[in-house]
Amino acid sequence: MLSKLASLQTVAALRRGLRTSVASATSVATKKTEQGPPSSEYIFERESKYGAHNYHPLPVALERGKGIYMWDVEGRQYFDFLSAYGAVSQGHCHPKIIEAMKSQVDKLTLTSRAFYNNVLGEYEEYITKLFNYNKVLPMNTGVEAGETACKLARRWGYTVKGIQKYKAKIVFAVGNFWGRTLSAVSSSTDPTSYDGFGPFMPGFETIPYNDLPALERALQDPNVAAFMVEPIQGEAGVIVPDPGYLTGVRELCTRHQVLFIADEIQTGLARTGRWLAVDHENVRPDIVLLGKALSGGLYPVSAVLCDDDIMLTIKPGEHGSTYGGNPLGCRIAIAALEVLEEEHLAENADKMGAILRKELMKLPSDVVTAVRGKGLLNAIVIRETKDCDAWKVCLRLRDNGLLAKPTHGDIIRLAPPLVIKEDEIRESVEIINKTILSF
């Protein structure tokens with residue numbers, strides 16, 4: 001009886017505490033409303049208090065975007081030179097993609113793959129004909145596309161190449177980045193990604209990037225099913241391989257009966273001045289991964305493209321996703337691809353990128369030690385001192401009206417939306433130059 005009474009008293013106390021908490025929260029919310037919209041500082045503090053600390057954002061609180069620009073909650077305007085890591089290549093809130101989303105969202109958004117829908121086949125036909133592959137497997141995020149490619153490679157290795165079951169290997173390049181799932185970090189050579197998350201996926205090996213002799217040695221192993229590589233390494237710091245590297249990869253993979261998987265999640269879809277970055281060397285990978293700009297930044301959409309001899313090794317029930325291939329995502333992806341085609345954004349990226357790099361090369365070499373990139377995927381390398389590093393440069397760029405983000409310490413990635421015009425490139429370069437000269 002006493003224990004029951006104690007329990008009742010505890011419950012009553014908890015209820016009183018809950019009412020107090022709710023009242024307090026309501027009071028804070030009311031006070032916040034009375035004070036007007038949240039400030040940047042309030043937004044920073046709220047995220048820090050309630051969200052996981054798995055990112056280190058540049059301190060700017062954004063509320064609106066259009067084309068190549070974004071605005072913070074105080075109304076300040078910025079050039080966007082990150083494009084959500086390339087996802088908003090078509091520009092923020094592109095009207096055609098927005099309209100496609102609106103037209104579909106009132107009709108049907110999700111069926112799962114338990115049933116057919118009337119948009120998936122239209123999208124599959126469009127994207128496979130556009131890139132000249134037999135089949136597409138629709139997923140949502142870039143890392144899901146990478147996982148899909150690994151499963152396809154292993155299954156193909158067992159059923160087509162004849163690798164002993166569960167002995168298949170996939171080779172990756174040092175500096176690779178394709179996500180943060182356990183499989184992705186198992187292939188990583190960056191301690192920030194993998195340290196403390198083992199044990200790791202077996203059957204993954206790494207070799208130096210841009211090193212054809214190393215690849216040839218690795219492919220001597222008959223258990224290698226695939227080599228997965230970024231045509232330009234993005235997260236590693238926009239590392240552009242030597243001319244002929246991708247041609248050599250294609251030749252070696254063909255010679256050793258190994259699948260060439262091109263991770264075009266960041267480099268593909270016109271970003272480097274071609275539809276795919278591999279197009280610079282006119283090579284055709286066995287598997288192509290697409291994502292990011294495949295939806296124009298409106299919705300997570302990714303895709304894995306390959307031919308029947310690879311894709312059809314996976315049977316019904318062996319791989320999939322509840323949201324992959326949903327009608328909303330498919331309608332958005334069609335529109336996003338049409339924008340790239342209709343607005344000739346690959347050509348614009350090629351032209352604007354050349355202007356950008358030419359102007360960046362004029363920056364003082366005592367601060368900027370290197371400029372590299374293709375199309376509108378570029379980077380500058382900052383000489384670190386006690387007063388100057390990539391993070392400090394990005395903070396000052398923000399203050400001057402341009403948003404960019406460091407990658408790997410001393411490197412700043414510069415990747416604006418592909419709709420940027422020449423006068424906007426030159427205005428952006430003036431901001432970058434002014435910022436660099438201030439150090």
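Quick reminder: no glycine exception, Cβ is built from N, Cα and C everywhere.
Per Swiss-Prot, the feature transit peptide maps to 1-35; the stated evidence is experimental evidence.
Within 10 Å of the C-beta of Lys49 (N6-acetyllysine) there are 7 other C-beta atoms, taking all protein chains into account. The N6-acetyllysine annotation in Swiss-Prot covers Lys49 (among others).
Its Cβ taken as reference, Lys66 (N6-acetyllysine) is surrounded by 14 other Cβ atoms within 10 Å in the chains shown. As annotated by Swiss-Prot, N6-acetyllysine applies to Lys66 (among others).
The Cβ of Lys102 (N6-succinyllysine) lies under 8 Å from the Cβ of no residue that sits 6+ residues away along the same chain. According to DSSP, Lys102 (N6-succinyllysine) is assigned to a helical segment. The feature N6-succinyllysine is assigned by Swiss-Prot to Lys102 (among others), with similarity to another entry given as support.
According to Swiss-Prot, the feature N6-succinyllysine maps to Lys107 (among others). Taking the Cβ of Lys107 (N6-succinyllysine) as centre and 10 Å as the limit, one finds 12 other Cβ atoms among all the protein chains shown.
Secondary structure at Lys107 (N6-succinyllysine), taken from DSSP and collapsed to helix, strand or coil, is coil. For Lys107 (among others), the entry in Swiss-Prot reads N6-acetyllysine, with the evidence type similarity to another entry.
Spatially close to Lys292 (N6-(pyridoxal phosphate)lysine) yet at least six residues away along the chain are Ala84, Tyr85, Gly86, Ala87, Ser89, Gly142, Ile265, Gln266, Leu269, judged by Cβ distances under 8 angstroms. In the three-state DSSP classification, Lys292 (N6-(pyridoxal phosphate)lysine) falls within a helix. Feature annotation from Swiss-Prot assigns N6-(pyridoxal phosphate)lysine to Lys292; the stated evidence is similarity to another entry.
The feature N6-succinyllysine is assigned by Swiss-Prot to Lys362 (among others). Same-chain residues at least 6 positions away in sequence with a Cβ under 8 Å from that of Lys362 (N6-succinyllysine) are, in sequence order, Asn433.
What Swiss-Prot lists as N6-acetyllysine is Lys362 (among others), and the listing cites similarity to another entry.
Around Lys386 (N6-acetyllysine), there are no C-beta neighbours below 8 angstroms that are at least 6 residues distant in the chain. Look at Lys386 (N6-acetyllysine): DSSP puts it in coil. The N6-acetyllysine annotation in Swiss-Prot covers Lys386 (among others) and is backed by similarity to another entry.
All protein chains included, Lys392 (N6-acetyllysine) registers 16 other Cβ atoms within 10 Å of its own Cβ. If you look up Swiss-Prot, you'll see Lys392 (among others) marked as N6-acetyllysine.
A strand conformation is recorded for Lys405 (N6-succinyllysine) in the three-state DSSP classification. The Cβ of Lys405 (N6-succinyllysine) has Leu58, Leu82, Cys394, Ile412, Arg413 as same-chain neighbours under 8 Å, each 6 or more residues away in sequence. Under the heading N6-succinyllysine, Swiss-Prot lists Lys405 (among others), citing similarity to another entry as support.
Per Swiss-Prot, the feature N6-acetyllysine maps to Lys405 (among others).
Counted within 10 Å of its Cβ, the other Cβ atoms near Lys421 (N6-acetyllysine) come to 12, all protein chains included. Secondary structure at Lys421 (N6-acetyllysine), as computed by DSSP, is coil. Taken from Swiss-Prot, the feature N6-acetyllysine applies to Lys421 (among others).
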Expressed in Å to no decimal places, the gap between the Cα atoms of Lys66 (N6-acetyllysine) and Lys392 (N6-acetyllysine) is 26
Between the Cα atoms of Lys49 (N6-acetyllysine) and Lys392 (N6-acetyllysine), what distance do you get, rounded to the nearest Å? 25
DSSP says Lys392 (N6-acetyllysine), in three-state terms, is helix
